[in-house]
Protein chains: 2
Amino acid sequence: MNMEYLSTQPYKGVRDFYPEDMAIQRYIFDGWAKTAERFGYARVDASIFEPSALYRAKGQENEEMVNEQTYTFTDRGDREVTLRPELTPTLARMIAGKRHELYFPVRWYSIPNLYRYERPQRGRLREFWQLNADVFGDNTIACDVDMLVYVANIFKDFGATLDTFVIRVNDRGWMNSVFDSLNLTDEQKRAMFLLLDKKNKITAAAFDAEAKEIIGADFTLPSPSADSRIMQTVNILHDLGITNVVIDPAIVRGFNYYTGLVFEIYDTNEENSRALGGGGRYDNLTEMFGGDPITGIGFGMGDVSMVNFLITHQLLPENLTPAPTLTILPLEEIAAGEAIKIANKFRAEYIATVVDATDRKLGKKLEHACDDGIKFALVLGSDEVTSQSYTLKNLFTREQTTGTAEELIKKILS
Amino acid sequence: MNMEYLSTQPYKGVRDFYPEDMAIQRYIFDGWAKTAERFGYARVDASIFEPSALYRAKGQENEEMVNEQTYTFTDRGDREVTLRPELTPTLARMIAGKRHELYFPVRWYSIPNLYRYERPQRGRLREFWQLNADVFGDNTIACDVDMLVYVANIFKDFGATLDTFVIRVNDRGWMNSVFDSLNLTDEQKRAMFLLLDKKNKITAAAFDAEAKEIIGADFTLPSPSADSRIMQTVNILHDLGITNVVIDPAIVRGFNYYTGLVFEIYDTNEENSRALGGGGRYDNLTEMFGGDPITGIGFGMGDVSMVNFLITHQLLPENLTPAPTLTILPLEEIAAGEAIKIANKFRAEYIATVVDATDRKLGKKLEHACDDGIKFALVLGSDEVTSQSYTLKNLFTREQTTGTAEELIKKILS
């Protein structure tokens, strides 16, 4: 064949998942699934393909996002398609599509793969996975509180203690009422939200100066009153033992659609300075599909953030990569059927078993099996086949046991 | 907001996965994972994005496939990208990329999402999932046999008996040697493979006429000799109790890369007339990346085929959709924190619990919880909070039990 050789590198900004990478991903996804289900969320998903209109729907800002930060193309049927950059619009579409069949409150979670066209950097990839959990049709404080109890438990269930992460909360509704009391225009409000968003990254003096420029007067953020929804939420959480919740006016979240509680989770280790995840309450997400508004609250966090957090706090177990338990190594004289017949006895008892009848040297096979994490080996010669008595080698301890297949199965399972 | 309402329909040829759909998908994927791991396969994956060159690499035929049957576009960095239509080229890329670090034989499985731009029809969608299992670096008969033992066990592990499916096998190597003995040109061989591919759909007379036209003489397919690899493979399988394996010269598989054993699985119920899955042996898959050839054997089957098979044979369990076990329904006077505090006691014992503090009517809440499959309800009033004695309703049997949270936990877990 006359050709240039292809590169073995993956496409820019995406990952290959070899068994050791996949084992970590499955550990995270399985953990996410278990906590979500314990809190009563049902798993859903949809396609990566969505009509681009779903993301353009909310005006100029979204137009730019779709055009510049997503994978968007026109298919041969002249449909404009976007690879989903987030799941929330899809969930809104699915909720709106079955609003008359669903019983509210609806609690859904999902672990979708998402796509963003951006310059790859630490913690930001073009393809990533994200845990999403949402409750639709419940606007109570109990629902806000329970969402944050759930979020704290995601971390706790991976073994994290409350001193390793902090939940920063704010209330867009309360912020809006503060701005309303100052008679700010929509444009001024918007500018103030953008300024608050960078509050923790600039000096107090710089913040005050910019605020004054926006509203034309000195700006002092009042504290929320004791009976405000956000204070009640925080107090209940503290009372429930979720003591790592703090009010932070700098939490505004980028998306326009949040209307109430907003929150972000941060690692207390400053090496991980970006938010680990976040979310908030929205009250009109299905409006683009018509019908009465449906309230909701949602949370999202990425797979890369989760892995970084677990590594930082030494919470990622070692040796996650699964290996077969037993390798059967038939000598040259042994027929294929004999080796597989014995393998099937172990497999029938749910012992993960492989057969290696290749002509590689026995010593190498044993060495590589051990390096791959396979614990037991059974070398099969004609004596063993005749006597139906086999010798099981423990490749980790070098211990040997001889017996029938039934006896060795008991040994392995013990 | 002044706008046209958006459709709630998904993009053409793809599916939304509501909880009931997702539960079926997870049942299939979990089953696939369990069998693969019992046979010693390690799970891998990669991105949906691949350089288009990976699929164009093998000549004109693939050029057409990429241009007409895939989602292919040029990104803003001028890279031509294809959404993977199959996993095998990706696996070849990953194997080639780590060929010096891996111990062969390597056994990998994957459940990737794949994309094909084609007219949606029964069993063919634009987005689908596929089980892939491959063994690299093992060219023994034992490996061929064990792959088919594994394939039979995928079905058996879902409860299927051997009379519900048949494994049709053939050997491209043997077919080639038959054609070589007739001195056929490459073009004649190719035409004969295409003709064999449709053998089971045309009359014997039509087949004979077309064969004569291609090779210029009457064509009679000889039977493989008793010591041929394909006959040995089938005999060992029969001996191992996999009796539903038959040799079928019409099994040639579309892909050019198969060089030895090829096989397809069929439902014995003729309603499902398309192959449920298939695969074969290839001996040069990594050649486009350079280096010595690596032999391999692979199997693939789609999620839609699997679901259709299970439904046809009544092997899909009912009530797969998970529901929370318990719903806590606080009356109006109950503070949010109280209800969640009690919910957390049940959650700590891994009882999936939700709290519904919305102002919907209690009767409706109980009715909908039952319809959603929630088994227990706990109505929380001030008497219950004061006495710490609660009444648990079994929504399925109407049975009621009163006791402390600890007593009710025992009741639910029993």
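Cβ coordinates are placed from backbone N, Cα and C, and glycine is handled just like the others.
Record features (TrEMBL):
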- A:Glu86, A:Leu87, A:Thr88, A:Arg116, A:Gln130, A:Asp134, A:Arg253, A:Tyr257, A:Tyr258: L-histidine binding site (BINDING)
- A:37-330: domain 'Aminoacyl-transfer RNA synthetases class-II family profile' (DOMAIN)
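Structure with TrEMBL features highlighted.
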residue: A:Glu86; record: L-histidine binding site; Cβ contacts under 8 Å, 6 or more apart: A:Leu114, A:Gln130, A:Gly300
residue: A:Thr88; record: L-histidine binding site; Cβ contacts under 8 Å, 6 or more apart: A:Asn132, A:Asp134, A:Tyr257, A:Leu285, A:Gly298, A:Gly300
residue: A:Arg253; record: L-histidine binding site; Cβ contacts under 8 Å, 6 or more apart: A:Arg172, A:Val262, A:Glu264, A:Gly278, A:Gly279, A:Gly280
residue: A:Tyr258; record: L-histidine binding site; Cβ contacts under 8 Å, 6 or more apart: A:Arg172, A:Gly280, A:Arg281, A:Tyr282
Task: Segment confidence, the domain 'Aminoacyl-transfer RNA synthetases class-II family profile' (A:37-330), expressed as mean pLDDT - done: 93
- [ ] With L-histidine as the bound species and A:Glu86, A:Leu87, A:Thr88, A:Arg116, A:Gln130, A:Asp134, A:Arg253, A:Tyr257, A:Tyr258 as its recorded binding residues, calculate the greatest Cα-Cα distance and give it in Å as a whole number.
- [x] 22
- [ ] Would you mind checking how many other C-beta atoms are within 10 angstroms of the C-beta on A:Gln130 (L-histidine binding site)?
- [x] 20
